[in-house]
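Step one of this worksheet: look at the structure below.
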Amino acid sequence: MENNQKRQQSGMSRRSFLKVGAAATTMGVIGAIKAPAKVANAAETLNYVPGSGKIRSKLRPVHDFAGAKVRFVENNDQWLGTTKILTKVKMTSEADAGFMQAVRGLYGPEPQKGFFQFIAKDPFGGSISWARNLIAPEDVVDGAPEATKTPIPDPEQMSQHIRDCCYFLRADEVGIGKMPEYGYYTHHVADTVGLMTKPVEECVTPVTKIYPNVIVVMIDQGIETMWASTGYDGISGAMSMKSYFTSGCIAVILAKYIRTLGYNARAHHAKNYEAIMPVCIMAAGLGELSRTGDSAIHPRLGFRHKVAAVTTDLPLAPDQPLDFGLLDFCRVCKKCADNCPNEAISFDEDPIEYNGYLRWNSDFRKCTEFRTTNEEGSSCGTCMKVCPWNSKEDSWFHKAGVWVGSKGETASTFLKSIDDIFGYGTETIEKYKWWLEWPEKYVMK
């Protein structure tokens with residue numbers, strides 16, 4: 001407790017110092033930074049193209065990238081955004097995802113038991129999670145479209161309309177992408193509890209509805225709540241559940257709306273997935289794959305988001321994948337790896353080949369084990385909390401730092417150092433804590 005108070009006081013004093021004294025330092029370093037050669041040549045490698053220049057949304061005309069230098073990458077078979085595709089990417093079953101492997105007992109009895117407790121043991125997070133069941137049934141996420149198609153505008157205008165619908169429903173970010181085939185699971189887990197005792201093939205159903213477009217809805221988990229959280233306390237799970245539920249509600253409404261217009265549309269959210277969300281995020285121009293290996297970072301929100309998606313055959317004009325320098329940044333930062341409570345995140349310098357593409361090879365078993373058995377709270381979001389790409393404050397100096405961090409490896413080292421100096425991500429700020437903790441409920445039963 002004493003250490004937390006010291007960190008809090010230190011963090012606040014550093015913020016005050018930064019607000020009055022960091023301008024000259026930051027501007028001086030910005031002027032001195034030069035991107036490495038491989039970054040300078042990236043445009044030729046990735047085939048950068050400018051944005052369309054057309055209005056993307058009447059309610060939100062431009063993305064809020066918090067000052068990051070964002071480049072747009074064309075869609076092709078060799079790259080998904082900045083993720084290099086080496087060979088044909090193999091499609092995977094949802095039954096092989098980390099949490100499902102825990103349910104199957106592949107990580108031992110404690111994570112298997114913990115999966116059914118780790119959210120519910122926090123009364124608030126468990127209540128939000130319960131509400132997700134209301135939008136989980138197949139007849140809620142999917143259904144037959146109207147027999148007659150309603151005349152619709154051209155794909156560009158329809159895409160603008162779809163984004164506006166999502167923003168009206170209180171999405172924080174929205175993206176539209178071309179859906180790669182490997183973005184779908186081969187099989188969807190239809191009987192999670194059954195995985196404990198039954199053969200996998202009796203618990204899954206094949207994914208057969210492969211649509212060409214994906215709409216991704218992103219919800220902010222809450223910056224002030226994150227400031228007050230340790231990253232693995234009681235509110236950690238509830239932050240995720242709130243964003244899962246909210247994005248899921250928007251997705252099922254949007255899918256129903258599209259079906260009413262006469263087009264196929266299926267919602268995908270945390271209680272009923274047939275699609276892989278990191279792939280959807282990258283395809284829809286909302287993030288890049290990070291050092292964690294299975295999570296995508298948004299230029300403004302960092303990890304501080306959850307998403308749902310709608311796959312559809314509605315004619316749409318896709319957004320372009322992003323490059324805001326994350327690969328070079330993650331290569332040198334390693335702050336998530338330094339702070340991971342179960343040492344699950346890789347310290348490797350470079351991504352390695354996995355399943356036909358390049359990613360950092362983190363230990364997903366260790367990650368799942370800690371999240372399902374954590375007795376100090378509910379789940380874990382430490383990597384989210386400490387990541388410098390979370391815009392910790394809506395201020396010029398943090399936006400300047402984000403801009404610097406998107407300029408290459410040398411600049412990335414600077415942003416990470418500034419993040420550390422001013423205590424971002426490692427302090428807990430008590431004045432923003434609004435929830436109750438229930439430590440007696442966090443112990444595994």
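Every residue, even glycine, has its Cβ placed from backbone N, Cα and C.
Per Swiss-Prot, these features apply:
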SIGNAL    1-42  signal peptide
DOMAIN    320-350  domain '4Fe-4S ferredoxin-type 1'
BINDING   Cys330, Cys333, Cys336, Cys340  [4Fe-4S] cluster binding site
DOMAIN    368-397  domain '4Fe-4S ferredoxin-type 2'
Extra residues within 8 Å (Cβ to Cβ centroid of Cys330, Cys333, Cys336, Cys340), [4Fe-4S] cluster = Ser290, Arg291, Thr292, Lys334, Lys335, Ala337, Asp338, Ile345, Cys383, Val386, Cys387
Within the same chain, the residues at least 6 apart in sequence whose Cβ is under 8 angstroms from that of Cys340 ([4Fe-4S] cluster binding site) are Cys367, Thr382, Cys383
How many other Cβ atoms sit within 10 Å of the Cβ of Cys336 ([4Fe-4S] cluster binding site)?
-> 27
Can you check how the pLDDT averages out over the domain '4Fe-4S ferredoxin-type 2' (368-397)?
-> 86
Three-state secondary structure, Cys340 ([4Fe-4S] cluster binding site) (per DSSP) | coil
How many neighbouring Cβ atoms, not counting its own, are there within 10 Å of the Cβ of Cys333 ([4Fe-4S] cluster binding site)?
-> 26
